[in-house]
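Structure first, commentary second.
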Amino acid sequence: MFRKRPPPEEERKVKANDREHNEKFQYASNCIMTSKYNILTFLPVNLFEQFQEVANTYFLFLLILQLIPQISSLSWFTTIVPLALVLSITAVKDATDDYFRHKSDNQVNNRQSQVLIRGSLQNEKWMNVKVGDIIKLENNQFVAADLLLLSSTEPHGLCYIETAELDGETNMKVRQSVSVTAELGDPNNLALFDGEVVCEPPNNKLDRFCGTLYWRDKKYPLTNQNMLLRGCVLRNTEACYGLVIFAGPDTKLMQNSGRTKFKRTSIDRLMNTLVLWIFGFLVCMGLILAVGNAVWEREVGSLFQSYLPWDPPVDNFMFSAFLSFWSYVIILNTVVPISLYVSVEVIRLGHSYFINWDRQMFCSRCNTAAEARTTTLNEELGQVEYIFSDKTGTLTQNIMSFNKCSINGHTFGEVMNTLGKQPKRLDFTPFNPLADPDFCFYDEKLLESVKVGDLHTHEFFRLLSLCHTVMSEEKSEGELVYKAQSPDEGALVTAARNFGFVFRSRTPGTITTTEMGRTVTYSLLAILDFNNIRKRMSVIVRNPEGRIRLYCKGADTVLLERLHPCNQELMTITSDHLNEYAADGLRTLALAYRDLSEHEWEAWSESQRCADKATDCREDRLAAAYDKIEQDMILLGATAIEDKLQEGVPETIALLSLANVKIWVLTGDKQETAVNIGYSCKMLTDEMTEVFIISGHTVQSVRQDLRRARERMIELSRAKDGGKDGGMEGWAEASFTRNGLKNRQEGDGTTGGGSKQPHCSSFPSSPSSDMDNISGEFALIISGHSLAHALEADMEAEFVSTACACKAVICCRVTPLQKAQVVELIKKHKKAVTLAIGDGANDVSMIKSAHIGVGISGQEGIQAVLASDYSFAQFRFLQRLLLVHGRWSYLRMCRFLCYFFYKNFAFTMVHFWFGFFCGFSAQTVYDQYFITLYNIVYTSLPVLAMGVFDQDVPDHRSLEYPKLYEPGQLNLLFNKKEFFICIAQGIYTSVVLFFVPYVVLSNATQINGVPLADYQTFAVTTATALVIVVSVQIALDTGFWTVFNHMFVWGSVGSYFTIMFALHSQTLFRIFPNQFRFVGSAHNTLLQPVVWLTIALATAICVVPVLAFRFLKLDLKPQLSDTVRYTQLVRQKRRKPAGRTIGGAWRGTGSVSEGRLGARGGSRRSGYAFSHQEGFGELITSGKNMRLSSLALANFASKHSSNLIETLRRKKNTHTPPSTSGECSPAPGNMSGMGPALSNSSSVLGGSQDTPIEEETDTGIRLSSSSHPAALEPAEPGASAQVANPDSSASAAARTDSPGGWARSLETVQEALFGRRGFASASCSQSPPCNARETPTLSKAHA
């Protein structure tokens, strides 16, 4: 533990089979230790860690003060009991966690390994393996340390490994030994091996290793392909030998297991601030009472000196005041409750278990449950404003299928289906017995082209069968299993397999295929590996005839510029095909080849070998060599792969948008594909005001693009607002302007909005204050190179101002670093909670940067899951995580804190008032046992039950009304204002609890005439009233009663009386006569009717104002949750036997998806995107453009949002525009297919007291947008008819036959809910019909 650490390494030198030489460098042993304590260090280290908490240190200080008899009026156990309880609970938790760490460490360290020692193999524990040892691994064994592969039983020194523990990927990977050591397979030969390895120092880069092997006066370059890392498992290899390079904590696995950055919630930070304020308040109360003591001792106390002298240390009133100050600090310390932090952790733990146990977040297909990997962030899930999402594997399934292709200018895969019949799937079995039976393709023309022997088609699929890094496993004759490092490669190789070009096997120097039934073996001369800078990969092969050819596949942006000039015409045609594929949301890839002469190959091979052996700038030299040979290629064609959206993605995004959550997609896709995936996911909708594209290549052009986007936003917003003020014509024009279509009359000035548009020149260069009042739905799409400029320090404020005014933002062509930078930018400039969600290793930096990180356990391994705070299997579970669990956690924590501070101030402030009546002598009102047990027994469990189980509305209502989520975003339920309200209520309660019993009992008598004005009667009365008042208060605060709430609330009251009678019993007095002196005082006090009347009066005075205030607030200014609960009660009372139908929706014209990109306009490019893991060949691109049907949107509509919430949102964040889902704003994605909308605002939830809500709901009224004329149109012929209950069909027909009927219905609802008339009828009767789909303008701001 206290061993001196060796100095940091600059390079590592390892000599094989020489332990004495290697021990000179003090390399780490192979023993790992993830535990924190041992038997000797646990108590001191754990206590040291716990007392680093300010609260624990504070209470330790109080305990020391209580041991001083001159200043302590309380026994020491009143503080040490709760402190010891808190420390013990935390210590047990830490000890349990560390025990399992020890158990895991011992299990790993005691694994057996075969080590070559003095020429023979000996079994050694992993912990005893040293750097420089040679280890033998057998099939299915774990790799003990980071090894340099020396030899293998497989040909050419190959071995196969599985890296699931490193990156979560279960597919096999191949590693190869250096050729010079590949023949050292015998232990006798390996015992004589004395090579020396010089390599990089220990680091956490899993995909990189740079070193050199020196042996027999020669040097050999070493790469990651020669390494076996700890945590890997040897597969399909009988045995291999490796040299230990890094051991124990130096291995890359352990280097990557560093502690994640500790995240704290905003409530945590606020709570720490409030505790400091409370401590300051405590000091002020102590000073006031100390001054009072000094005055009293000087003016009154001196009269009692003759028979009540000061204690010996006290000789004057000033010293008495000094001691009194510390005495009151001890007495009043309960305003800073020691149990607060422990209670918070218990509540968070309960919330985490609820997430883990939620069966609705369990994915049965992959048998994966949701997991809360942290317990500290649950309530912050209810405050998220920005979501940053990856696309591939997060929004899409990351399961690829070969969909279309372009070969020599001809496109394949388009299946025309005019008769409405399902196209027939091709059967490849008669043509190719090795075909994959699960492969789906429908275009017979491509298969015919292969059968007739078209040379271009054959060369196309030959390239796909050769240019990849897929591993093949043939379990039986003809039964092939491909292990691909990316789903893209697997799909492409499978396509080649089905069309007759079957990849069979590979060695380091050969690739064997079956081409049209004929086995062909190619010599593999070189692999030009993929990385996220090159965005392409190539192979150089020699066919059996001796011809050398380079095959290349990659992004069209980099591949097309490397073609021979003779390809110009073909490149134009293929580019058009790529654009069409990208418009369909497909992942595209361009293919090309080049013939090499023997001379060209030898010259390049020599330059490549020199670059490979370079010790400095090796990667740059190799990249330059690769670029040199990948020129003047011949274009073959392009592929298009489909990656479908996950289930429920559009609905989830639509629902989160209604909750005012802004969603940013950070993807590696190209711009056009990003646009299509945005429409597929319903992030972008046809009803959006405008979609801005920022694609400048220079700082100045990006700045101008952003400036023009802001100008346009203000122009459209003012036009819309001006239209509202200028009457119905202006409103109509603003409605069309919102959808990017200018009114024909705008030019001649007849509309209200035209005269109010600002000139571009008047817009300042800095973000304008007008951005605060932007109304309308905008979207922003920005490319990676533009984003690089926008993230610069002098432009980031402009970018944030523009982007945050938009409802949706898509950043395309971004790198992993840029993803993290965007998240950090929003955290820096916005007081908002951010959430990042992804599924791949390239999302880890983004996940760690956000306030909350969510990992999806998908196709790309578990690195994102390991770095996350929460994980689940499907993106759609995010809506439940935030809108249900997050909102509930925030609500529960806020209610818990409010009540906790209230009850402690009500309890403690009674001592303060009593000080003015006891000569400021630091005498307590309650007995010391009540003080000790109040926070531990009498009031702890009820508030815990409320904090764990409480809810305002059921889970399905939380999803129906997403506007319920907004109070958390604005932090309305617990803030400084709410804290002071709780404190004020607590102080008021303490005043009542002290002065009512004081006034009543001072003149009261017992039945026998004996006065009741004694200390014990007053103490018992006040304590009993306190317990009853706080129990009634928590009963009022609890919104959801469970058996635990009943048991804890009423059980706490019962335990108070039981313990109180026991403490005043004869039995305890006989056992401890000096401790329990007041025998029977509780019994005698509670037998007096006047005492119970006093308790009842105090309770009424405390509770009645609270009830009155809440009733008035509920009646005059109800919250959205109040209205939802009222709606639920009315529905339960008026529920009809007929089931509620999921009716057809009101649909506007053109609600199908044909002509999607054509309607939007804009340029088209291919959707190829690049991976961020070198060597995998994973080509990240867009998903399938799947439009959301009207039925799918049936449950999502935006209604009027609260004006109060909008005002608070503007005050909170001056750069953030008001919510566009408020009045006169259509629900996102709801116009293209009107469905049975769900209200999400308190103003449209319930109707008036006189208008039954069930009537408004069950008769078929669907108000999907209160101000959009399209919402009021009758459904077009052939569209889904609106389905209503049979009992109310006549009413539904009356309401929907005409716009007037809609107007009367809408007016009735508005009058009932808002107290106003006329707007709906005007908007319904005067709105023009909308006979064509309204589409937003897809503008390039720089054009």
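Glycine is treated like the rest: Cβ placed from N, Cα and C.
No curator has checked TrEMBL annotations; they are predicted automatically.
As annotated by TrEMBL, active site, 4-aspartylphosphate intermediate applies to Asp390. Residues annotated as Mg(2+) binding site in TrEMBL: Asp390, Thr392, Asp839, Asp843. If you look up TrEMBL, you'll see Asp390, Lys391, Thr392, Glu489, Phe530, Lys553, Arg587, Thr667, Gly668, Asp669, Arg813, Lys819, Asn842, Asp843 marked as ATP binding site. The compositional bias 'Polar residues' annotation in TrEMBL covers 1238-1251, 1322-1343. What TrEMBL records for 14-80 is domain 'P-type ATPase N-terminal'. What TrEMBL records for 865-1118 is domain 'P-type ATPase C-terminal'. Taken from TrEMBL, the feature region 'Disordered' covers 737-770, 1140-1165, 1209-1301, 1320-1343. For 74-92, 274-296, 316-342, 896-917, 929-949, 979-1000, 1015-1036, 1048-1069, 1089-1112, the entry in TrEMBL reads transmembrane segment.
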The domain 'P-type ATPase N-terminal' (14-80), counted residue by residue under DSSP: helix, strand, coil: 31 helix, 2 strand, 34 coil
Highest Cβ count within 10 Å among the binding-site residues Thr392, Asn842: which residue is it? Thr392
Determine the minimum-neighbour residue: among Arg587, Arg813, listed as binding-site residues, which Cβ has the fewest other Cβ atoms within 10 angstroms? Arg813
Can you see whether the transmembrane segment (929-949) and the transmembrane segment (896-917) are touching - at least 3 CB pairs under 8 angstroms, only pairs 6 or more apart in sequence? yes
Top Cα neighbour of Asp839 (Mg(2+) binding site) in the set of recorded positions Asp390, Arg587, Gly668, Arg813: Asp390
Would you mind listing the long-range same-chain contacts of the transmembrane segment (1089-1112), meaning Cβ under 8 Å and 6+ residues beyond its ends? 985, 988-989, 992-993, 996-997, 1000-1001, 1004, 1012, 1017, 1020-1021, 1024-1025, 1028-1029, 1032-1033, 1036
If you measure from the C-alpha of Asp843 (Mg(2+) binding site), which of the recorded positions Asp390, Gly668, Arg813 fall inside 10 Å? Asp390
For the C-alpha pair, I'd like the distance in angstrom between Phe530 (ATP binding site) and Thr392 (Mg(2+) binding site), rounded off. 18
Quick one: Cα separation, Asn842 (ATP binding site) versus Asp390 (active site, 4-aspartylphosphate intermediate), in Å? 9
With the fewest other Cβ atoms within 10 Å, the residue among the recorded positions Asp390, Asp839 is Asp390
Candidate with sparsest Cβ neighbourhood (10 Å radius) among Phe530, Gly668, Asp843, the listed binding-site residues: Phe530
Using a Cβ cut-off of under 8 Å, list the residues of the same chain at least 6 residues beyond the transmembrane segment (1048-1069) that approach it. 927, 929-930, 933, 937-939, 941-942, 944-945, 1020, 1023-1024, 1027-1028, 1031, 1034-1035, 1038, 1075-1083
In angstrom units, rounded to an integer, how far apart are the Cα atoms of Arg813 (ATP binding site) and Thr392 (Mg(2+) binding site)? 13
Please report the distance from the Cα of Thr392 (Mg(2+) binding site) to the Cα of Arg587 (ATP binding site), rounded to the nearest angstrom. 10
The rounded CA-CA distance in Å from Arg587 (ATP binding site) to Asp390 (active site, 4-aspartylphosphate intermediate) is 15
